[in-house]
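Engineer: According to Swiss-Prot:
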- Arg197, Gly198, Gly199, Lys200, Thr317, Ser536: CoA binding site (BINDING)
- Gly397, Glu398, Pro399, Asp421, Thr422, Trp423, Trp424, Gln425, Thr426, Asp512, Arg528, Arg539: ATP binding site (BINDING)
- Val550, His552, Val555: Mg(2+) binding site (BINDING)
- Lys625: N6-acetyllysine (MOD_RES)
Amino acid sequence: MSAIESVLHETRQFAPPAALEQAATISGMPAYRALAAEAENDYEGFWARLAREGLAWHKPFTKVLDESNAPFYKWFEDGELNASYNCLDRHVEAGNGERVAVIFEADDGTVTRVTYADLLARVSRFANALKKRGIGKGDRVVIYIPMSIEGIVAMQACARIGATHSVVFGGFSAKSLNERLVDVGATALITADEQARGGKTLPLKSIADEAIALGGCEAVKSVIVYRRTGGKIDWHAERDLWMHELTAGESDQCEPEWVGAEHPLFILYTSGSTGKPKGVQHSTGGYLLWAAQTMKWTFDWKPTDVFWCTADIGWVTGHTYITYGPLACGGTQVVFEGVPTYPDAGRFWKMIGDHKVTVFYTAPTAIRSLIKAAEADDKVHPKSYDLSSLRIIGTVGEPINPEAWMWYHKHVGQERCPIVDTWWQTETGGHMITPLPGATPTVPGSCTLPLPGIMAAVVDETGQDVPNGQGGILVVKRPWPAMIRTIWGDPERFKKSYYPEELGGRLYLAGDGTVRDKDTGYFTIMGRIDDVLNVSGHRLGTMEIESALVSHELVAEAAVVGRPDDTTGEAVVAFVVLKRSRPEGEEAAALAKTLRDWVGKQIGPIAKPKDIRFGDNLPKTRSGKIMRRLLRSLAKGEAITQDTSTLENPAILDQLAEVR
């Protein structure tokens, strides 16, 4: 692989606000450098100190890091704890039971407040109900539920009894849900009658029924249903149970199941570049430590904060910065069921004012869509709302382009709130590279520097460091507590995916092209180096989308690539070969719509191609390999400048370039 060219040269820089810096957990760059030096000088001692200070251990650990079976690293292995106890009981026992844990705003604007004592009681009742259904330590429970207090309760209840949860985003199809139910070997499924978003409903229970009917889910003995809307649903006696009926008679006391630090807290599926989704397995101790620690560092968390992460609990951001991180700190957070544009595009800004949000964390995709709305209508512009409570704002899910960063800084942060542009992944468990609000001078479009203890680097294809200013591959040189432990059921795929022999087998491969600034050493993410697409902050495997297209009766072959998109960051572009002659004009437009809807049904709406082009063939080498780099150029509307000497059918390029 040749060196990646860096084309972004950003010179604007913004210092942390003086008042915030003075009171920050990490105050000033000397404090940051001191922590980073502590980690470099005594790596195990650094992590041991954080783990002892940050978590409540039922049985203290004596071992910190076991590297004997690398890359299957173990952290705090002989220690015992419980995630739910750390998120709930210890705050109640400390006298903070009446502190508000969650301010929940429903799609229709209804607001519910739940204290730590209330949440502990609800989690305990549901945990007792799960135990009565025979669910316990080591079982896997799939959760397919809307954004809700009940979703948090379900996750925490699983953690309380030692069951491993696997949350599936509510936008996924029956087929995608079935794949995850089968792969994880779920014994129970927790879902809802319907999901309410943007004034519309989605029939989650019927999708769940369809997923189970697809087969391979014989282990699922219980389907527990949260009644969200009261909508009509099919009912399967013995298997289906109402959540509210199950918990009604249960005790609000449930002794936590103490588990080893390496016990799997959850398995979360993320797309791979080769077909089958990857079940990313996370531990209890190391993961929870980092969820809490990054709240304190990245968001400078204070007991007086009202934190709001706009993610869904179906993604890792919702796990770490809704279900676990804020609660592990004992904080108050806003949880939102709806979408940023309903009933209008001022919803986020109104909620910040209504709930006096102090720390706001959202995705660049949301920001870009709200910029468009705000510029078209002053009524939904941030300037029309009271955002004075904000002190820190952040971004997650994908790199944010400098123009959107500056708009966010000016109109939402009011030029006084630092932006924490966070880089991390499902596999990393929590933030890895990010500004610190009271220490790091920020630069639009850059995630700046690694957190203390995170040994990130940019290397070439042989694993050798590249000089600052030259693009390369982002890696992490040493294990960290919150890291992925394995891919569920596929340890060989884990090693090949994240610790490839090409890089020596000891460097964690992030899969992002990255460059470090020549002067500051700041990291800037340049995009994925493999074929995983990042659409609205969601990672989607091209192979999954291609497989969905080819499963349609009219499709013979398909290739999917991404292209830059102002709203979603990256858009899905599909090149399709039919089993019959290539359609044109209105026929092509109608069939493209049919195939978009088909992909939405097979995978979920997020995977629908924005552009479908029909060709008589795909550009292939003589050995039959699809030349995706050429398709990427065509998708972007660029002239083909690459070597096409190995191309078997050069004329197809002109045909695919002409089709829109």
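Glycine is no exception: its Cβ is also placed from the backbone N, Cα and C atoms.
Could you tell me the structural context for the features on the list?
Structural biologist: A helical conformation is recorded for Thr317 (CoA binding site) in the three-state DSSP classification.
Annotation note: Trp424 (ATP binding site) sits in a coil segment as assigned by DSSP.
There are 13 other Cβ atoms within 10 Å of the Cβ belonging to Val550 (Mg(2+) binding site). Val550 (Mg(2+) binding site) falls within a helical segment according to DSSP.
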Engineer: Just how spread out is the CoA site if you go by the largest Cα to Cα distance in Å among Arg197, Gly198, Gly199, Lys200, Thr317, Ser536?
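Structural biologist: Maximum Cα-Cα distance: 24 Å.
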Engineer: Counting distance between Cα atoms, which of the binding-site residues Gly397, Pro399, Thr426, His552, Val555 is nearest Gly198 (CoA binding site)?
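Structural biologist: So, spelling it out, the nearest of the binding-site residues is Gly397.
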Engineer: Report the nearest neighbour of Gly199 (CoA binding site) in space among the binding-site residues Pro399, Arg528, Val550, Val555, comparing Cα positions.
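Structural biologist: Sorting the binding-site residues by distance from Gly199 (CoA binding site), the top entry is Pro399.
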Engineer: Around the recorded Mg(2+) site, report the further residues of that chain (criterion: Cβ within 8 Å of the mean position of the Cβ atoms of Val550, His552, Val555; site residues excluded), sequence-ordered.
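Structural biologist: Apart from Val550, His552, Val555, the close residues are Ala548, Leu549, Ser551, Glu553, Leu554, Ala556, Ala558, Val576, Leu595, Trp598.
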Engineer: So, in DSSP terms, is Gly198 (CoA binding site) helix, strand, or coil?
Structural biologist: coil
Engineer: What's the CA-CA gap between Val555 (Mg(2+) binding site) and Pro399 (ATP binding site) in angstrom, rounded?
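Structural biologist: Answer for this pair: 34 Å between alpha carbons.
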Engineer: Are there any residues at least 6 positions away along the chain from Pro399 (ATP binding site) with a Cβ closer than 8 Å to its Cβ? List them or say none.
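Structural biologist: Counting only residues 6 or more apart in sequence, the Cβ neighbours of Pro399 (ATP binding site) under 8 Å are Pro364, Asp421, Trp423, Gly445, Cys447, Thr524, Ile525, Met526, Gly527, Gly569.
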Engineer: Would you kindly give the Cα-Cα distance separating Thr426 (ATP binding site) and Thr317 (CoA binding site), rounded to the nearest Å?
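Structural biologist: A Cα-Cα distance of 8 Å.
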